[in-house]
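These features come from Swiss-Prot:
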type	residues	note
BINDING	10-17, 57-61, 120-123	GTP 1 binding site
BINDING	183-190, 230-234, 295-298	GTP 2 binding site
DOMAIN	4-169	domain 'EngA-type G 1'
DOMAIN	177-352	domain 'EngA-type G 2'
DOMAIN	353-438	domain 'KH-like'
Amino acid sequence: MKLPVVAIIGRPNVGKSTLVNRIAGDQQAIVFDQPGITRDRTYQPAFWCDRDFQIVDTGGLVFNDDSEFLPLIREQALIALAEASVAIFVVDGQGGITAGDREIAAWLRQQNVPILLAVNKCESVEQGILQATEFWELAIGEPFPISAIHGSGTGELLDAVIKYLPPAAEIPENEEIKVAIIGRPNVGKSSLLNALTGQQRAIVSPISGTTRDSIDTLIEREGQVYRLIDTAGIRRKKNVDYGAEFFSINRAFKAIRRSDVVLFVIDVLDGVTEQDLKLAGRIIEEGRAVVLVVNKWDAVEKDTYTINTYTKMLQDRLYFMDWAEMIFVSAMTGQRVTKILELVDIAAESHRRRVSTSVINDVIEEAVKWHNPPTTRGGKQGKLYYGTQVSSQPPTIALFVNDPQRFNDNYRRYIEGQFRQQLGFKGTPIRLIWRGKPAREVEKTVNRATKV
């Protein structure tokens, strides 16, 4: 069952994201001294007085301006209110009531959701009482003086919040799969997210760089829960200005690290760019499972051999990621989008799989039988004694040999290929650790290892 939602509403730069971070206890929403940083609605898990819920941050509301993304932000706020059990209307206690506050208050009174009024930036109790009194004028209800940055008053606010949450219900335990949607700007990441969730979840615009936050969405398919993380497009460093975009890209890299599977989105019209190659290297470096999602397939003129031609072209560029499943989709039309989660399941299973030592050594024995380890120019041959899996996510196998330097790159790739051929590991990198071990020590451990 989905957790109840608490929406945060207000005009730009009143401290909404700071309040979200205070309640959620994590620095997830971007906080930067520039109005209008949050565009999408972003969800974070929160807990208060034995109650779990989700706190949703929304973009700054402006009603007298239809430029840029402002109409889309209003639409996102309306969606957040529709799914919320209660909303917190945040105002700036230091700046006092503005025309924008009055417009938002009038709009909120028309919505069918309870509203709590949080007067932020009240940095002392005495000051807060005086500042909050002015906001009775908005006719929203009792104003709660708070300091989101220091935490004062937020406990009383949350006490009021949980009174509006529905009764706690048991949530069935189900290990979620965390899926980061990663790619260059404007390759269709947010459109893909919307296609997967079936609703207008993230702001979609033809303007490059619309998504600034890493935003989480929970969806369920056939009993499996997925946490979808949409992120800002990743640009070359020289094209990034210090500020909100810098923090967004940093957040995208963090999203890769906290994911189980990365949907690596590529624009089929652009092919694999140099920036894509660097991004692919970053994903592998973090050891994440991958599904290659080739988007905008609807824009390609096709014949019988088109998909084979494009597959070979992309595989040639991403040869070092040949273990990743590839799927051609159109986020715009929904073509093949539903099959993406099937590939995510396969990649996630491979990513967390553990294989017994006996099975690993069966693979090694068979591999060595077909292709002996190389011999150095000095006539010294490499010996591969045994192996054991030391960790998962990604699968990591320690191989004990007489001298790691006797195993060249070709043979190492051969051994990795044998593990993939015999054990699968579709969609995930695997790491092989080559460890030197004297023969006398091997005699003490090899028999024990092969019986595990």
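Cβ coordinates are placed from backbone N, Cα and C, and glycine is handled just like the others.
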If you average per-residue pLDDT over the domain 'EngA-type G 1' (4-169), what number do you get? 82
Measuring Cα to Cα, how far is T58 (GTP 1 binding site) from G183 (GTP 2 binding site) in Å? 23
Test of understanding: give the count of other CB atoms lying within 10 angstroms of the CB of C122 (GTP 1 binding site). 26
In whole Å, how far does the CA atom of L61 (GTP 1 binding site) lie from that of G183 (GTP 2 binding site)? 28
Counting other CB atoms within 10 Å of each candidate's CB, the least crowded of the binding-site residues N13, T58, L61 is N13
Distance [Cα-Cα, Å, rounded] between W297 (GTP 2 binding site) and G10 (GTP 1 binding site): 39
Using DSSP and collapsing to three states, where does T58 (GTP 1 binding site) fall: helix, strand or coil? coil
